[in-house]
Amino acid sequence: MTIRIAINGFGRIGRSVLRALYESGRRAEITVVAINELASAEGMAHLLKYDSSHGRFSWDVRQECDQLYVGDDDIRLLHQVEIQQLPWRELSVDIVLDCSGVYGSREDGEAHLAAGAKKVLFSHPGTTDLDATVVFGVNHDRLESGHRIVSNASCTTNCIIPVIKLLDDAFGIENGTVTTIHSSMNDQPVIDAYHHDLRRTRAASQSIIPVDTKLSAGITRIFPQFVDRFEAISVRVPTINVTAIDLSVSVRKAVNVNEINALLQKSAHESFRGIVDYTELPLVSADFNHDPHSAIVDGTQTRVSGQHLIKTLVWCDNEWGFANRMLDTTRAMAACGF
């Protein structure tokens, strides 16, 4: 049975989800019946077709009034501010993928359900009272039919959690720190402008900018055993896509670089195939643009100090990889039944 979805919010993630659906060949399984976005229909179609990070969309895109056509598929375009007014019941929507970045509470999810959707998947961590927070490949098998309001966590959580799991299962993590080296985002100005975070008043293209991150909370939401044992910081850098994560963990078992890389490489081809990738090529961030994996381990950067302190570097396309996981989680939610 085809899963009928609606996308609420057609920004970076919303558009990536739609493109990934068509480019990954999953169109036969999932149908987009509607997109809700306050921007103009013309602007929505234009930014779907032409993208500064991901290039031109290979499918034919047309827009007529409030209808978007992708190939032979027609998608209804909505411009509704209030969730409760969205026609999810009329459109027989199975799952709403809320990619707005604005909504993420249980109350927001219940508003989608009241409008007629059967389930809701948020594209960011959301509040802690949701039915489930999923990092696909790690805990998606714990989804149940009663989980109606779900979070897909964050792009950085999806990147680092599989690697943490692999290292913990093999070597026993005591504690760790994470530094996210993240591409600039749309909450940063092109030139200096006012923002409540004074660092984010500064031009995105001119500085490396420290910003707040909730990644440590994201880690402990998935792995509560690490409460008070992981800390994270984040900096934004002047690139428009792809993120690197510097992970340092102390482990109980004595270990060397070859053992770590062998584990991560084997897992990329077996238990985490399609989720984690591994490379020892001399690559840079641009080479991981449009990569569908949640995480790509750079084996050339693995280090060990004193046999118990591990440092790894993990790449991800923070848009494209996450968009593909949104689709994976959508399928997993549907497989549990409605």
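Positions of Cβ are set from backbone N, Cα and C atoms, glycine also.
Note that this is a predicted model, so its numbers are computed, not measured.
For the substrate site, Swiss-Prot lists Ser154, Cys155, Thr156, Arg200, Thr213, Lys214; matching the candidates Arg106, Arg236, Arg252, Arg273 against that entry yields Arg236. Rounded to the nearest whole angstrom, the C-alpha distance between Ser154 (substrate binding site) and His182 (site 'Activates thiol group during catalysis') is 13. Asn318 (NAD(+) binding site) has Cys155 nearby among the binding-site residues Cys155, Arg200, Lys214, Arg236, counting only those with a Cα within 10 angstroms of its own Cα. Rounded to a whole number, the distance between the Cα atoms of His182 (site 'Activates thiol group during catalysis') and Ile13 (NAD(+) binding site) is 15 Å.
Close to His182 (site 'Activates thiol group during catalysis'), meaning Cα to Cα within 10 A, are the following binding-site residues out of Thr156, Arg200, Lys214: Thr156. Cβ proximity to the NAD(+) site centre (mean Cβ of Arg12, Ile13, Asn318, cutoff 8 Å) flags the following additional same-chain residues: Gly11, Ser16, Ser123, Cys155, Glu319, Phe322, Ala323.
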